[in-house]
Amino acid sequence: MCSEPFLGLPNYDSPAELKALLETLGFSMQKKFGQNFLVDKKTRESLISLLELKEETRIWEVGPGLGAMTCLLLEKGVNLTAFEIDKGFISLLKKFFLDKGQNFTLVEGDVQKNWLPYLKEHGKPDIFFGNLPYNIASELIASTIEAGVVFDTMLFTVQKEAAERITARPDNKNYTAFSVLCSLFYECKIVKTIPASAFWPQPNVESAAVLFKAEKEFAEYKNFKLFIKIVKALFSSRRKNIKNNLSSWLKSNGYDCNADFVLQKAGLSGNLRAESLALYDFLLLSDIISSSDKNK
């Protein structure tokens, strides 16, 4: 349990108490928001320890819910900004944590819509953290990468399947366009597998915590937006080889250069599939296309 000044908080380890609290307040579980509470104290504490926090560390937390992780973070003396969409949880978070003399800010609404405007106004935090709802996890992470925003550290608890896609390497069945995007700016590693029993309500799948550490040196590229488009294009039809996917994309986007020329210059066989290509290969292909068709 969190200590002073957080008296009045529920027992975050007790599904029965959490359920009773929600029922008393007339809250219903919003399935559309993918809400599952982490009710295992050891797991919560181990996730916090992975952040290696210092006082005044600036942290963003996504989906704090009833505040189980929030109170642990605030006890560490961090400067915390929480993003919450559920109106019922927002009212409780205000009651629990606002006006307690803590460095706590609550941003109401959809994090997918307001994280970037908030960043532009208030600056980037040291850490981006959260138990991400399964229905937004990949989309939110990808949106930060595609915006070219790199956080020093991110630690997200996601569906295990998503974690395996994030950390997958070439020639692995889980390797996707999302895997490539994550590897552009970060070293990604699964640091903890979390069973369904650690949550209430229990999800139908296992979860995993993924640690993203910003690379000390980023890979170079000529056209960032083009790189992203090429990655997605080559994975668009997994059964097709890269020549077919690239050729279709070049034609539909009005490029004069043909796939054979680009692949030959890159030293890649057109018979390969996207899941066989490393990050460097995607960067090279996008750079060649950018140089070959500069006016497009």
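Here the Cβ of each residue, glycine as well, is placed from N, Cα and C on the backbone.
Since we're looking at a predicted model, the values are computed, not measured.
Pulled from TrEMBL:
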BINDING   Asn36, Leu38, Gly63, Glu84, Asp110, Asn131  S-adenosyl-L-methionine binding site
DOMAIN    43-216  domain 'Ribosomal RNA adenine methylase transferase N-terminal'
Quiz item: According to DSSP, which of helix, strand or coil covers Leu38 (S-adenosyl-L-methionine binding site)?
Solution: strand
Self-check item: binding-site residues (Glu84, Asp110), the one with most neighbouring Cβ atoms at 10 Å
Solution: Glu84
Exercise. Within the domain 'Ribosomal RNA adenine methylase transferase N-terminal' (43-216) only, compute the mean pLDDT.
Key: 95
Quiz item: For Gly63 (S-adenosyl-L-methionine binding site), which DSSP three-state class applies?
Solution: coil
Quiz item: If you count other Cβ atoms within 10 Å of each one's Cβ, which of the binding-site residues Asn36, Asn131 has the most?
Solution: Asn131
Exercise. Please work out the number of neighbouring Cβ atoms within 10 Å of the Cβ of Leu38 (S-adenosyl-L-methionine binding site), leaving out its own Cβ.
Key: 20
Quiz prompt | For S-adenosyl-L-methionine, whose listed binding residues are Asn36, Leu38, Gly63, Glu84, Asp110, Asn131, the greatest C-alpha pairwise distance in Å | solution = 21
Self-check item: Secondary-structure category, per DSSP, in which Glu84 (S-adenosyl-L-methionine binding site) falls
Solution: strand
